[in-house]
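Participant: Can you keep this structure in mind? I'll have questions shortly.
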Amino acid sequence: MAAQRNRSKESKDCSGLVLLCLFFGIPWEAGARQISYSIPEELEKGSFVGNISKDLGLAPRELAERGVRIVSRGRTQLFSLNPRSGSLVTAGRIDREELCAQSARCVVSFNILVEDRVKLFGIEIEVTDINDNAPTFQAENLDVKINENVAAGMRFPLPEAIDPDVGVNSLQSYQLSPNKHFSLRVQSRANGVKYPELVLEHSLDREEEAIHHLVLTASDGGDPLRSGTVLVSVTVFDANDNAPVFTLPEYRVSVPENLPVGTQLLTVTATDRDEGANGEVTYSFRKLPDTQLLKFQLNKYTGEIKISENLDYEETGFYEVEIQAEDGGAYLATAKVLITVEDVNDNSPELTITSLFSPVTEDSPLGTVVALLNVHDLDSEQNGQVTCSILAYLPFKLEKSIDSYYRLVIHRALDREQVSSYNITVRATDGGSPPLSTEAHFTLQVADINDNPPTFSQVSYFTYIPENNARGASIFSVTALDPDSKENARIIYSLAEDTIQGVPLSSYISINSDTGVLYALRSFDYEQFHELQMQVTASDSGDPPLSSNVSLSLFVLDQNDNAPEILYPALPTDGSTGVELAPRSAEPGYLVTKVVAVDRDSGQNAWLSYRLLKASEPGLFAVGEHTGEVRTARALLDRDALKQSLVVAVQDHGQPPLSATVTLTVAVADSIPQVLADLGSFESPANSETSDLTLYLVVAVAAVSCVFLAFVIVLLALRLRRWHKSRLLQASGGGLTGVSGSHFVGVDGVRAFLQTYSHEVSLTADSRKSHLIFPQPNYADTLISQESCEKKDPLSLLDDSKFPIEDTPLVPQAPPNTDWRFSQAQRPGTSGSQNGDDTGTWPNNQFDTEMLQAMILASASEAADGSSTLGGGAGTMGLSARYGPQFTLQHVPDYRQNVYIPGSNATLTNAAGKRDGKAPAGGNGNKKKSGKKEKK
């Protein structure tokens, strides 16, 4: 709003007076100049009111210089002075209604002090009203209560509305929502306040409309127009202007005679449109005889009619009762109640169980009587005709007997295993309408007979148990069920008689006869047997007993309980050490020997690996991890010792792994004389510190001489024996015909094999030392040991007359299998470079050949004496007796490739020709080649 300018003038006399006061120091008063402004209410803070600097005649910058400021009169500061612009502005929002209430004019006065002149200026600011408030009622809802019999024209004052604004913005008028019963009239009090009055225009009827809802509106005269409303609820009070009215003028009801006392017959209802005490209706009998009054009971408030005494159709079949209804005033109404009593079937049949034959066996024949019943009804005629029935699903039926008796008989076969007892309900029903019935309940037990054998849950069982189990351990349990009961269902378990490897099954397995738990009586060995088959019998205790069998397969699981067993080289029985030969000319990778081992376990537990555990010359030899082949890792040097000691370990892959070791002695030499010359060095002296060089030389010379002399003697004896043998064989013809191959024991030499000529020497298994057969010589490697030259027992041969021709006919020796032969190129050593078409000749001259033949004879003598550490029975392939006929390599087919013929690259195979009993192909050719070399 624009501020009004100052309308007063400053008098010159006053200015002079002020100056005079200042001069004389006399107190002074403010001048008479007054500055007035006018603003509307609700301005924002900082709104412009007036320009003080202009009205005071001062420049804006002089306001601060002269100390112009507002002097408050104790009221909250509503205005502030802007020293820069010289403008008077609002210090906050100004609410006129809060500041001046209902005053017609609202003025705010304060002074402005000019300090340098010590002069005050009065400021008067008028705050004008705006229409910022609507008329409001103190309550949101107004309740007005009017009696319905009030006459028209009656006035009812209503509370007025309040509007804090003034003037035209204040409350100006009231309006009432349109209706046909009320109008509005506005009255004014002495102070000018207007209030409304509600005027009844037409009479009210509470039964027509009990509550009238009106809306009263109060409006002011501002711009924009504001108004307030209030909901007026007019409640019409009741007046007793209506009489009770029954819902029916006449009530009819038919009731059976056997209704119990207290039964509600019907309820009469009368209504009164009035409310409160005027609408409360009470009921009572009117003009009722005393005899009838005792029969019925009427509730005066609800109108319920009940029987107070038993009704009898034969006594009274019809009642007429008059009921009156009265409200709280003088109005009443009447109605009739007609009650018809009907004859009904009020007696239920009586059912009695005369006899009950329980329990009944489940094998009882059809038609067997299990119960006898009697029925009776006190009613007569149709109401006294009684029929009996049972549920259709029961295996019984009712048969009518004489008079009022019924028999309960078996209609279908009984099975106790399906239903062990029957809860039977017999219902007796009369012919009344509605029919009455009576039920009798009893339980019939079914006795068991032994008609079900025990049954196992499975057709067959199988279980697994690790070997080496604890004795007496529970290994499995079987369970059989018998649907019979008591003794007929008591099951006894047993094992069927059987033998395992000639031993009764009962010595291996036992079973708890009550629980069916099986126990191991022995510790099982997977290597002995893998599986146990048995029959478990379950018998009940009935008479006669019934039983059933089930097969049980017990599989023994292998555990790593067997360490690897080394087949080759076999451990010697005399404590000596086996010797293998490696020529100094051997290239890297030369096959020296092969360690052959087996494991009696299976699967991973029998998977073997080889490794070199210890060597006297590290790095000289290597062992195949999976083959066991001992090969040279590098070329042999002159500085390498003649005797090399190797410790080879064989380990399986079980958990935990088991292992075995073997010590190999490898002789490094290029010729037999060199080997023989140094054989004495294979034995270590008992005490190296006390050994003497001279003693060594003497022993060496003596040993060489002994060996040379022994070889000469053996060679001469061999020549004579061969000549004698040829004569003997020619004279005997086929004397060994009919002797099976299993009667011959192959002598495969001693522990050190040399590449040279060799003769096959075979003994019959029952000949001991007395019988020798020398077939066509073949070429093989021969094992030489120190024991060979020191053997004292001579090889004994009987003359021709002592051959057991009649006991054991001689047959021609079968030619050697070609699988056991290999060419010179396949043999380790320097001879491997020769022509592979013919067998090689490692001895350089006839003398070496003769010497080797003598060694073979000595080896044959050891085999005949049973002192050979490598010789074995027939069919054992030179293995020890432990792996004889009862444990051949057929038992360990996975290790056939590991059987190694010392000194060669050949491995054992099961030739088809040998299995068929036929001579292998190429055998004759080998014999011819051998003969040619002998002639040379």
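Just so it is clear, glycine is given a Cβ too, placed from its N, Cα and C backbone atoms.
As annotated in Swiss-Prot:
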- 820-845: compositional bias 'Polar residues' (COMPBIAS)
- 926-936: compositional bias 'Basic residues' (COMPBIAS)
- 247-351: domain 'Cadherin 3' (DOMAIN)
- Asn51: N-linked glycosylation site (CARBOHYD)
- Asn423: N-linked glycosylation site (CARBOHYD)
- Asn549: N-linked glycosylation site (CARBOHYD)
- 801-845: region 'Disordered' (REGION)
- 906-936: region 'Disordered' (REGION)
- 1-32: signal peptide (SIGNAL)
- 697-717: transmembrane segment (TRANSMEM)
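Quick one: how deep are these features, and who are their neighbours?
Facilitator: Confidence across the domain 'Cadherin 3' (247-351), taken as the mean pLDDT and rounded to a whole number, stands at 87.
All chains included, 17 other C-beta atoms sit within 10 angstroms of the C-beta of Asn51 (N-linked glycosylation site).
Same-chain residues at least 6 positions away in sequence with a Cβ under 8 Å from that of Asn423 (N-linked glycosylation site) are, in sequence order, His441, Thr443. Secondary structure from DSSP puts Asn423 (N-linked glycosylation site) in a beta strand.
The secondary structure of Asn549 (N-linked glycosylation site), as reduced to three states from DSSP, is extended strand.
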Participant: Other than its own, how many Cβ atoms are within 10 Å of the Cβ belonging to Asn549 (N-linked glycosylation site)?
Facilitator: 14
Participant: At the level of the C-alpha atoms, what whole-angstrom distance separates Asn549 (N-linked glycosylation site) and Asn51 (N-linked glycosylation site)?
Facilitator: 125
Participant: Give the helix, strand or coil assignment DSSP yields for Asn51 (N-linked glycosylation site).
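Facilitator: For Asn51 (N-linked glycosylation site) - judged by DSSP and reduced to three states - the answer is strand.
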